[in-house]
Amino acid sequence: MKTYLVGGAVRDRLLGLAPGDRDFVVVGATPEAMEAAGFRPVGRDFPVFLHPDTGEEHALARTERKSGRGYRGFVVHADPAVTLEQDLERRDFTINAIAEDADGNLVDPFGGVSDLEARVLRHVGPAFVEDPLRVLRAARFMARFAPLGFRVAGETQALMRGMAAGGELADLVPERVWQELSRALASARPSAFLHTLHEAGALDAVLPEVAALYGVPQRAEYHPEIDTGIHTGMVCDMAATLAPGDAVVGFAAMTHDLGKALTPPAEWPKHIGHEQRGVAPLRALCERLKVPSAHRELAVLACREHLNVHRLFEVRDRTVHTLLERCDAFRKPARIALLATVCEADKRGRLGLADVPYPQGPELLRLLDAARAVQARDVLREGMTGPAIGEALARARIAAIGRARSEPVT
Ligand SMILES: Nc1ncnc2c1ncn2[C@@H]1O[C@H](COP(=O)(O)OP(=O)(O)OP(=O)(O)O)[C@@H](O)[C@H]1O
């Protein structure tokens, strides 16, 4: 029995990146031999064991066959006769199919090292088409590796297009789609995830609300990039710069303009009312993919309020107060900083405008602080009832916002 390190840990080390989880493959072993050596079995579907000391995953070398659609009909076959090469052959990309033995020797039958050097994401073999999740994995790896200069190989793109056209992506379960999407949104270049799927004709199957933004024009004086799909990707990338690794901010960035896909084309390139129009498709997307509530709540706020935040210096004190109330900011102040970040990403996620200042962000936080400093006990008078307290509190907070706005910013 021989153990090899495989997958992401080998790939990331060769790229000079800090490796994440280590996965191992064990050749020439039986489940009984693994358990006798102290390994603990996990799950029933795959022959995977946890190391008794490190807890790291050790999988028996295996082959896979598939007869059904989507995830149906996968037959996993693991016995001591399965070779390392056979195990590597069923993996998705050549850069993920490099193994390393305990002495540091690489086993690389599919040219993964040269693809790493050439910055190419290439499928290992024809079995690639058996798992539709691999289309999403390709897009997610691009979100992570595009900044290093990676591209998808032409022949892999062709397979991805065929898989999308064959309708296989419709079979993906929402949890897997969300897992890949949220990881992509937490990567350095989420736009590469969206554009890779769009180019493969696969975005429509997983994110039709976002796919519908491509080809929708916007006013060139505000949006030199014009296309709403391109703008959306740029906003996601800017969000990844402003809040690295934060998929809550990233998801709101991706969905803030969904309403623009519903503007009647006769009104293009204007999108009056797109903030309100975007809420319904956003909620539909969240329901379908079972998006966690933290992501959904910020996204709904950003969708509805982003124009109000952009116009913060023009609107009345009362409107600022209403904005804060609609965001439930007096109970949940932390979400205002996140909202401000999404709005800043929207403003700077435009062609040639990446460096424009966004003073609305700090200003919104300053006004929130001023309004929060006023408490119910400050306005309470004898004999006041509930609604009267609420009105007095609102009036006092609006006045505090007004005073803060007239003071010089320190
Ligand atoms: N759907 C799949 N199809 C084929 N091979 C897969 C698939 N999922 C995982 N693998 C293989 O298992 C390895 C470990 O998978 P995992 O999902 O942990 O990704 P990873 O490559 O380690 O990347 P990351 O660092 O992003 O987690 C991959 O490198 C790949 O070899």
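Residue numbering: from 1, along the chain as shown.
Each Cβ is built from the backbone N, Cα and C atoms, and glycine gets one as well.
Just so you know, TrEMBL annotations never went through curation; they're auto-generated.
Sequence-distant neighbours of R91 (CTP binding site) (same chain, 6+ residues apart, CB-CB distance under 8 A): V6, G7, A97, V124. The CTP binding site feature in TrEMBL is assigned to G8, R11, R91, R137, R140.
In the three-state DSSP scheme, R91 (CTP binding site) is classed as coil. As annotated by TrEMBL, ATP binding site applies to G8, R11, R91, R137, R140.
In this view, D21 (Mg(2+) binding site) is surrounded by 9 other Cβ atoms within 10 Å of its Cβ, with every protein chain counted. The annotation Mg(2+) binding site is assigned in TrEMBL to D21, D23.
Under DSSP, the residues of the domain 'HD' (228-330) split into helix, strand and coil as follows: 75 helix, 0 strand, 28 coil. Among the features that TrEMBL reports, domain 'HD' is placed at 228-330.
The two recorded residues, G8 (CTP binding site) and D21 (Mg(2+) binding site), show a Cα separation of 8 Å. Each of the binding-site residues R11, R137, R140 was scored by other CB atoms within 10 A of its CB, and the lowest score goes to R137. Packing around G8 (CTP binding site) is summarised by its Cβ count: 17 other Cβ atoms lie within 10 angstroms of its Cβ, all protein chains included. According to DSSP, D21 (Mg(2+) binding site) sits in a coil region rather than a helix or strand.
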